[in-house]
């Protein structure tokens, strides 16, 4: 999957760990949406 920035990772992608994974059709079972706003396409989810 494509890594994405969760709210808990910090305000920007620079110098922060991207702990989320981008899913186009919502988070799979057992995962949760970890970003309150965005991304434009898909959902940023983590286990």
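In case you wondered, yes, glycine gets a Cβ from its N, Cα and C as well.
These features come from Swiss-Prot:
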- 4-44: disulfide bond (DISULFID)
- 6-34: disulfide bond (DISULFID)
- 27-45: disulfide bond (DISULFID)
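When other Cβ atoms within 10 Å of the Cβ of residue 4 (disulfide bond) are tallied across all protein chains shown, the result is 22. One residue stands out among the disulfide-bonded residues 6, 27, 44, 45 for having the most other Cβ atoms within 10 Å of its Cβ: 44. Counting Cβ atoms from all protein chains shown, residue 34 (disulfide bond) has 20 others lying within 10 Å of its own Cβ.
Among the disulfide-bonded residues 4, 6, 44, the ones whose Cα sits within 10 Å of the Cα of residue 27 (disulfide bond) are 44. Cα-Cα distance from residue 6 (disulfide bond) to residue 44 (disulfide bond): 7 Å (rounded to the nearest whole number).
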